[in-house]
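One structure is given here, and the rest of the page talks about it.
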Amino acid sequence: MKKITITIDGYSSCGKSTLAKQLAKKLGYLYIDSGAMYRAITLYFIQHTVNWNDAEAVKEALRSIHLEFIHNQITGQSDMYLNDENVEPLIREMLVAEKVSEVAAVREVREFAVAQQQKMGKERGIVMDGRDIGTVVFPHAELKIFMTADPAIRVERRFKELYEKNRNITLHEVKENLELRDYIDSNREVSPLRKADDAIILDNSQLTMPEQLDLVLQWVEDAIMAHSS
Ligand code: CDP
Ligand code: CDP
């Protein structure tokens, strides 16, 4: 069957990566979590006290950053490696979440990440999730999804996830972080979070994960049909 490119963009914690992973597994496609790349760059900047408001310092630091996704045999998923170190758990922490949207708004950082994302998606058969995948990274993708969910539901979902790992986290802290990130992501100058004109909206506030997967698999079938003639 013809392989296509699937992009999933949308707000924080609406279930983009959950859906993208399930789709990739079901279709035998490659899954790329573009947010992990921005998180890893942010981690590097924090660890090396790089001033991300200084374009020269950013360019210099980016020359020392090597990002790679490596398959994890135990979890069956891809882990983010920063300069040969598995940074998967570290990049999910609040310390990174608090700064990632500022770093991701920097033009040089975006150019660095987008170039690598486009290389990874040269062959079709890829699902990539993020904020600008349908608008900037793969504007010619055959299926574009723009995900959203009720803000209170998104906060609850992310809180549950983080609370399992850190009992000190508060609902308020998670809410503030999601609101701030969505605001910065939607209002930045370079590649703001936007629905591509040809993207389909998926509001999963009231959908279970199997329900949303079934719905999207139908869209995939339709997109393959539409592009095979
Ligand atoms: O999973 P979650 O919604 O928490 O976010 P993520 O996908 O891990 O992305 C973290 C941050 O990276 C976002 O809040 C954006 O600031 C940035 N990002 C971006 O600017 N462009 C992308 N394609 C992906 C992520
Ligand atoms: O990638 P993104 O930040 O958009 O979200 P995610 O990490 O895939 O999902 C955030 C949380 O929402 C996860 O714990 C999912 O299990 C949960 N989720 C859900 O409860 N119901 C859905 N329909 C989709 C995701």
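Every residue, even glycine, has its Cβ placed from backbone N, Cα and C.
What TrEMBL records for 6-220 is domain 'Cytidylate kinase'.
Annotation comment: TrEMBL describes G10, Y11, S12, S13, C14, G15, K16, S17, T18 as ATP binding site. Long-range Cβ neighbours of G10 (ATP binding site) (same chain, at least 6 residues apart, Cβ-Cβ under 8 Å): K16, R131, I145, F146, M147, T148, L193, L202.
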DSSP-derived structure type at S12 (ATP binding site), helix or strand or else coil: coil
If I take every residue in the domain 'Cytidylate kinase' (6-220) and average their pLDDT values, what number comes out? 96
Cβ-centroid neighbours of ATP site G10, Y11, S12, S13, C14, G15, K16, S17, T18, 8 Å, sequence order: D129, M147, A149, R154
Using a Cβ cut-off of under 6 Å to any atom of ligand 1, determine which of the binding-site residues G10, S12, C14, T18 qualify. S12
